[in-house]
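> According to Swiss-Prot, the protein has these features:
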- Gly69, Pro70, Glu71, Ser72, Ser73, Gly74, Lys75, Thr76: ATP binding site (BINDING)
- 344-365: region 'Disordered' (REGION)
- 347-365: compositional bias 'Acidic residues' (COMPBIAS)
Amino acid sequence: MASKTENSEKQKALNSVLNQIEKSFGKGSIVRLGDSARMKVETISSGALTLDLALGGGLPRGRVIEIYGPESSGKTTLALHAIAEIQKTGGIAAFVDAEHALDPTYAAALGVDIENLLVSQPDTGEMALEIVDQLVRSVAVDIVVVDSVAALVPRAEIEGDMGDSHMGLQARLMSQALRKITGNIGKSGCTVIFLNQLRQKIGIVYGNPETTTGGNALKFYASVRLDIRRTQTLKKGSDEYGIRAKVKVAKNKVAPPFRIAEFDIIFGQGISTIGCLIDLAEETGVIKRKGAWYSYNNENIGQGRDRTITYMQENPAFTEEIDKRVRAALAGGAVVSATSVVKLDDNPDTDDHDVEDIDENTDEE
């Protein structure tokens, strides 16, 4: 066991080297973790209460996040909701539209302040990632969304001919860029969300043939990776009005991973926040369901899920009360199912809310 004299000498030596490091590299270059504000990771709401629960509070600030999935599964919708949540708190958001496909009307419908949203449509992948780096280093931007990694085309590929081979060029670009900007992201507290597409590996007989574009660097640098899939098509009669999305937290460095959340995405409106609230209210026992009827404090509020959603939309004070009770129940340790939600096809009121299953094996690029 070390004596008090030895401990005192060690402490002096430690203080000396810490002072030397701070003189060489600046104040804050090395800190005790217990004294650091980084111990508590701040979060941003994803716009879906079920997903916030699966993430352990929401999307982490000052981290790299990857959202990937098949086409039309809700990747851009989820990113736009995160932007809207940041803007509600007075934050500044930027959208790097490498796909040149951003719809301002849809973004506004989701609650995005398009008048103050910074948008860039870069010509090359190098230009896009340099813009991201400069926005992050400015410490003035709270969230940057890159849509998408697959559309970050290296300059050499654009300047070359159509049939030229550029093996691994995009992967090297992403690896170099992430090495450069990850440290700045942590210091600035800016959240950077990369949207990514899926591709199929050739010749894979066993295991999952799906992979994401841009190489492996993003998988390592990302603190959170979200796999989003379209599981059902929502219908009223023969009219399709939305989809059911399932998100698996494939990686999470700030909370337990592999949790699953489901929510509705309504065409032209985005994530159904009230739908998420009803699902969790039923799971926590705040709202009861008997057959097709939903009730609160032994009073029926709606027959079928859709009518209950309509009732809550028309009564914001009631919705706020339910929201407070659900959050209090969750904070008190209420247990919910693995998916955090009720399966829509378990709803006996099938005339009110029809669904059509989606075969995920058909979702290919």
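Cβ atoms are placed via backbone N, Cα and C, with glycine included.
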> Give me the sequence-ordered set of same-chain residues, not including Gly69, Pro70, Glu71, Ser72, Ser73, Gly74, Lys75, Thr76, with a C-beta within 8 angstroms of the centroid of the ATP site's C-beta atoms.
Ile228, Arg230
> Out of Ser72, Thr76, give me whichever of these binding-site residues has the highest number of other Cβ atoms within 10 Å.
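Answer by Cβ density within 10 Å: Thr76.
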> What does DSSP assign Lys75 (ATP binding site), in three states?
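Where Lys75 (ATP binding site) sits, the three-state DSSP reduction gives helix.
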> Near the Cβ of Gly74 (ATP binding site), how many other Cβ atoms are there if near means within 10 Å?
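I count 25 other Cβ atoms within 10 Å of it.
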> Under DSSP, is Pro70 (ATP binding site) part of a helix or a strand, or is it coil?
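Once the DSSP labels are grouped into three classes, Pro70 (ATP binding site) ends up as coil.
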